């Protein structure tokens, strides 16, 4: 059998080079520092450098703008603490997927994987790489817009590079993440220190009467939260690689408690720094807030800002790829995707098929280029699944009392997150109804067709098609099923 011969070949190679033989499964290569870097590196992408104006546009004053940024950080921390309980109770990779499976059964878990793998994850990956490409191209096309084909080709190259790095080695992917996280923290520190210097010099005009003209409508507040929480997106990413964390019972909660508050403090201080240099009107008119800040504060070294923003975006893309590949891997292992997507590289011990699949889908999303609106309308779906997952935590407090809980958050924390999730789901639909929200719901529910056709009933003709495809891909990529499932 093919997988047996592949395993035997690997064992022969290992016996020649080393006395230690690792099982063909995901290895625990991610420590506390790498875990913190994954959280910080995935959350801090391009958003805080480019579009803090979105929060200001909906609050219309400085004071509430800063409060929204702080509140979003607190909400992300509360949500992550709930995920810490889930992640130490159910130590499987895949983020929300195994938790929904355990709490509500296979159908909600499948709909989450269907929506995430086809739209949410790869389109976000594509957008981050397009943002990276635009910043790099801007350095070579000064004063004019770079050709769309150049931007798309460079974005595709970035996707190929990141996918290759993560398919080659878990340790290499972690190392790249650590390097880019360090690089983005440099520019964060430069902006914060510059802002504090200006603040100490008495540039506090924009903070006087900071609540004047505040927008108080429910719709505007919900949109401000949406934009703020978009910049915090990634707070749950460490739960996607729980099986690869060393000592997850300690490192998962510690990485969350250190990483997300660190990001929150950085975001608030960066916004304060922006307001020491720009008036609210100037900030709203800026195309890229951090670049405008750099032009005014760092000239003639203002080129540093777009360079480090590019580093920041590529780091966020790497973190997204690193974690999202594990969702595909776990979905394949549960039979909710092609089985070959759950296979492990014999030589590299990485989920190479899942990562390659993810990269291909992301490149497809680059072709149309304008996919921001798609992600905007699916962002409410993200909070639908966040809310369902944390509801599952509450449900399992009563239905699965047998599960060991190394971490147990007070019950009011998941209840708060569930209520906020419900507000974020319903508020934009009620305030500004749009057909796109209905299309999004219909797309999610369309996953039921594929579930019953290919997962529940497992028609023979589908098996006859998938079996030879799996066989040839397995031999081509030298991958085998994991030797054991996590417990």
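Every residue gets a Cβ built from N, Cα and C, even glycine.
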With respect to the membrane, are residue 202 and residue 326 annotated by Swiss-Prot as being on the same side?
no
To which of the residue ranges 195-210, 275-290, 435-450 does Swiss-Prot assign the term transmembrane segment?
435-450
Given that Swiss-Prot records 43, 44, 45, 46, 47 as binding L-arginine, the matching residue among 233, 295 is 233
4-26, 303-325 - the range that Swiss-Prot marks as transmembrane segment:
303-325
Transmembrane segment per Swiss-Prot - which of 411-431, 453-473:
411-431
Neighbour count, 10 Å Cβ-Cβ cut-off, for residue 43 (L-arginine binding site): what number do you get?
26
Recorded stretch that, among 32-55, 352-370, 411-431, has the most CB pairs under 8 Å to the transmembrane segment (63-84):
411-431
Select the range from 111-137, 148-169, 435-450 that forms the most Cβ-Cβ pairs under 8 Å with the transmembrane segment (303-325).
111-137
Under 8 Å Cβ-Cβ from residue 233 (L-arginine binding site), six or more apart in the same chain: what's there?
43, 124, 382
Please work out which recorded stretch in 170-193, 218-238, 252-274, 352-370, 435-450 has the most C-beta pairs separated by under 8 angstroms from the transmembrane segment (111-137)?
352-370
Test the contact criterion for the transmembrane segment (218-238) and the transmembrane segment (32-55): 3 or more CB pairs under 8 Å, pairs 6 or more apart in sequence, then answer yes or no.
yes
Long-range Cβ neighbours of the transmembrane segment (32-55) (under 8 Å; 6 or more residues past either end)
65, 68-69, 76, 128, 131-132, 135, 174, 177-178, 180-182, 184-185, 187-188, 224, 227-228, 230-235, 237-238, 241, 245-246, 250-252, 254-256, 258-260, 262-263, 266-267, 270-271, 274, 283-284, 286, 288-291, 305, 309, 312-313, 315-320, 322-323
